[in-house]
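I have placed the structure first, in the form of structure tokens, so that the comments after it can refer back to it.
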Amino acid sequence: MSTMLAMIEIELKKIWRSKMPIYLFLAFAILLFFHIQSHTWNDFISEKLNWFTMVMGMMGFGIFSSWQFGREYQDETFKDLLALPVSRNKIICAKLVALAVTEVLLSILSVVWIFAVGLFLHLGTFHLAGIGTQLVNFGLSMVAAIGLTFLFSLIASLSRGILAPISVSFATLLLGKLVAADTIGHYFPWSVPMLQAAQPSSINAISWLAVGLIACIGVFGTMVWWTYGDHTD
């Protein structure tokens, strides 16, 4: 257990020293000021949480996951990881846990920033119950978004780079946005985070099963590849 915690700590240090989370947050913080149309707290929070889900949760987290695994191949540091005297499954678990923890922290920090901007704009009509419900739905949408990012870790590992998984993340974002408007949107995994944030009543058990299936493919697929795949040049 202590070894696992130490590995997670190392991965977290690698992530934050790279400043990638900071760049993602700054991009969101700046873009948040564009296209502000709401004049009440409830409308503003709803608008920006939905926007965060699509831009950061679906696209930003996809890029982040792709980068975390793809850079190990681009920098050729994956060879050092494979040479470590620890289980490769533990290495993957540590990387994925560090990824999820960082994405949760980014989500919390971004929510705090949204409220700070709302205070700056002097918005009116603050309904605590309504905003509380929106935050719960947002939290669930982030659970789905984070689970879906694990697939890009597998794609980055299989392709040994960043370009392929980032391309797939953009494609899934576009498909998710398009399919979400259809009656079958709640069955498409990449529509679930957006629907959970904006139309939670449309989400059912099958929606979460679809997300869980993609997450499991990402996690176990990455473990299998790192354990049994051909890692020779």
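Positions of Cβ are set from backbone N, Cα and C atoms, glycine also.
Some features that TrEMBL has for this protein:
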type	residues	note
TRANSMEM	20-37	transmembrane segment
TRANSMEM	49-69	transmembrane segment
TRANSMEM	96-123	transmembrane segment
TRANSMEM	135-155	transmembrane segment
TRANSMEM	162-185	transmembrane segment
TRANSMEM	205-228	transmembrane segment
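Residues 8, 11-12, 14-16, 21, 24-25, 28-29, 32-33, 36, 38-41, 44-45, 48-49, 52, 56-57, 60-61, 64-65, 68, 135, 138-139, 142, 145-146, 149-150, 153, 219, 222 of the same chain, all 6+ positions outside the transmembrane segment (96-123), place their C-beta atoms under 8 angstroms from a C-beta of that stretch. Long-range contacts of the transmembrane segment (205-228) within its own chain (CB-CB distance under 8 A, at least 6 residues past either end) are made by residues 69, 82, 88-89, 91-93, 96, 144, 147-154, 157-158, 186-189, 192, 195-196.
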